[in-house]
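K.L.:
Okay, here's the structure, questions in a sec.
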Amino acid sequence: MATPAAVNPPEMASDIPGSVALPVAPMAATGQVRMAGAMPARGGKRRSGMDFDDEDGEGPSKFSRENHSEIERRRRNKMTQYITELSDMVPTCSALARKPDKLTILRMAVSHMKSMRGTGNKSTDGAYKPSFLTEQELKHLILEAADGFLFVVAAETGRVIYVSDSVTPVLNQPQSEWFGSTLYEQVHPDDVEKLREQLCTSENSMTGRILDLKTGTVKKEGQQSSMRMCMGSRRSFICRMRCGNAPLDHLPLNRITTMRKRFRNGLGPVKEGEAQYAVVHCTGYIKAWPPAGMTIPEEDADVGQGSKYCLVAIGRLQVTSSPVCMDMSGMSVPTEFLSRHNSDGIITFVDPRCISVIGYQPQDLLGKDILEFCHPEDQSHLRESFQQVVKLKGQVLSVMYRFRTKNREWLLIRTSSFTFQNPYSDEIEYVICTNTNVKQLQQQQAELEVHQRDGLSSYDLSQVPVPNLPAGVHEAGKSVEKADAIFSQERDPRFAEMFAGISASEKKMMSSASASGSQQIYSQGSPFPAGHSGKAFSSSVVHVPGVNDIQSSSSTGQNISQISRQLNQGQVAWTGSRPPFPGQPSKTQSSAFGIGSSHPYPADPSSYSPLSSPAASSPSGNAYPSLANRTPGFAESGQSGGQFQGRPSEVWSQWQSQHHGQQSGEQHSHQQPGQTEVFQDMLPMPGDPTQGTGNYNIEDFADLGMFPPFSE
């Protein structure tokens with residue numbers, strides 16, 4: 001039996017607002033109707049609830065969501081600001097070309113903090129130190145290499161916490177004078193404020209204009225100032241520190257000590273009663289005090305006075321810009337000094353060498369006109385020179401004038417001056433002068449020349465060591481007893497000792513007539529050396545005495561006369577001073593040797609040649625002329641032809657007929673100014689190809705070194 005709801009389902013469904021009537025099956029329709037009726041009921045309730053929220057609760061919910069977004073935005077902005085400040089405070093981050101990301105900034109900040117606390121490299125701590133060195137030895141080596149001293153001062157108060165014992169050789173102050181004092185007491189009064197700024201770790205009035213090296217622009221310090229003043233930032237400054245005046249005799253006088261003394265005196269001499277200061281370059285870092293993991297005793301707690309930071313630095317003597325006498329002059333006493341003037345001649349700088357040159361201290365000359373020290377008669381000249389050097393603009397101008405020294409004496413000074421121009425504005429900045437004491441400079445130059453002359457005069461030429469040669473062996477291979485017998489400057493006028501050292505093998509080639517040492521060999525200045533001429537000339541052509549020295553034919557006499565005139569222009573003669581030979585005639589003869597009837601030479605020509613003995617040196621044939629028929633062309637008409645034994649006259653006539661044509665045709669073709677060419681003209685005479693090779697006999701030349709024997 002159907003229920004009333006099921007009797008009219010479409011009608012019931014149509015009564016429900018929002019429902020849709022569908023033609024469905026009865027059973028399905030009943031279920032559909034129930035579902036459809038339930039869903040609108042829920043939807044109506046939800047709408048009513050939403051309507052209530054819109055009316056009553058929509059405002060607070062929207063406000064809470066907006067408030068939450070604003071909080072998150074402000075939080076992100078604050079975090080970005082803090083990370084930006086952290087990036088500025090960490091040196092590794094600020095040194096980057098572009099801004100790093102947040103993670104990189106945090107990582108670098110952690111690394112920087114670890115490095116400051118000393119916990120960043122625990123694994124490698126001490127690995128740099130050699131195993132054989134203790135901590136104290138390593139500290140001394142480091143300080144000695146740095147040539148400085150280590151000191152630690154409190155940042156807030158400047159109290160000295162620690163100073164190394166190397167302060168004693170650097171500043172001549174004992175270590176005890178630094179302990180218990182402040183660093184402000186050790187520096188010059190004018191440098192206290194600069195030191196206070198370097199020790200300060202908080203923001204102060206230092207924030208000013210800085211130069212950006214990357215862009216080249218000048219800008220104000222902003223966040224970089226906090227980075228410069230933060231803990232762990234580097235410090236580097238120059239100040240004047242007080243030096244002790246106690247002599248330190250126990251220190252060794254070495255190069256380092258001399259350099260320290262020179263640098264300490266770089267600021268000039270100290271007046272009596274004033275403290276001496278040295279320029280010290282301090283480099284270090286601001287560190288946390290006390291260090292991490294370190295506790296200080298109670299008695300030392302008041303030293304830091306509750307300080308949180310300290311300066312750990314090394315102080316080293318700074319090389320001063322003032323020139324020092326020993327640096328700029330090698331002399332023991334300087335002769336010049338530098339000065340700088342403005343365009344009006346006012347002295348603005350003087351180097352300390354003026355003390356030794358003119359007697360004034362540098363501070364006595366500063367701010368004064370150079371004309372005040374010039375002689376009245378030279379003032380106009382000096383004034384004109386300064387005006388001229390200003391017009392020259394860079395060119396050097398020298399002037400000499402009289403300068404009044406401190407002891408009221410007039411000193412002749414030479415000043416070489418030139419101007420320095422500003423490269424940007426092309427304006428003259430100042431005038432640089434080099435002032436030289438002329439008299440003292442001349443004295444030093446004279447002393448130097450005397451010293452050089454003394455050094456040359458003490459050099460004995462007679463004691464020059466000779467290279468070690470075999471005993472008694474001459475450079476040409478001949479055996480002599482005294483190496484300098486031939487080349488001696490002081491020699492017997494008749495050259496008696498020239499044949500004293502000849503060996504027995506050479507004596508076989510000499511005749512008995514040449515054994516007398518009192519004979520004159522040749523005239524002085526002869527182009528052919530006397531005696532062993534083959535040894536005197538180290539050329540490839542060997543001079544054979546007796547063949548090359550004396551010729552007797554008229555044709556060869558003319559030839560020799562022409563050669564002699566050519567050789568006399570560039571002849572080789574003895575350079576030593578010898579007394580003139582008695583009876584020496586004037587050189588007006590046509591012969592090269594000037595042997596005439598009035599000459600004191602003996603009539604026997606065999607005394608002139610060691611090869612004149614027919615048994616020892618005459619070859620079989622016409623290789624050598626017999627010299628038997630000498631003509632007046634040789635200027636020896638008073639001699640007979642029978643003096644040369646064993647050389648028939650037909651040999652000479654045959655040689656003359658064969659060689660006269662060739663000699664007359666070639667007498668101008670091979671003549672050279674040198675002596676070697678004469679030998680080349682004469683030596684082919686014995687071995688002319690027209691004579692045939694049969695004229696030579698090797699056995700006849702057994703005693704001559706120029707024809708070594710060989711076995712066929």
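Heads up, the Cβ atoms here are built off N, Cα and C, so glycines get one too.
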K.L.:
Check the candidates Arg42, Arg47, Arg260 against Swiss-Prot and report the one noted as omega-N-methylarginine.
P.N.:
Arg42
K.L.:
Across the domain 'bHLH' (63-116), what does the pLDDT come to on average, as a whole number?
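P.N.:
Mean per-residue confidence for the domain 'bHLH' (63-116): 86 out of 100.
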K.L.:
Taking a Cβ cut-off under 8 Å, which residues six or more beyond the ends of the domain 'PAC' (398-441) line up next to it in the same chain?
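P.N.:
Distant Cβ neighbours of the domain 'PAC' (398-441) are 333, 335-343, 345, 348, 354, 357-360, 364, 373-375, 377-378, 381-382, 385-386, 389-390, 392.
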K.L.:
Go ahead and report the DSSP secondary structure tallies for the domain 'PAS 1' (134-209): helix first, then strand, then coil.
P.N.:
36 helix, 15 strand, 25 coil
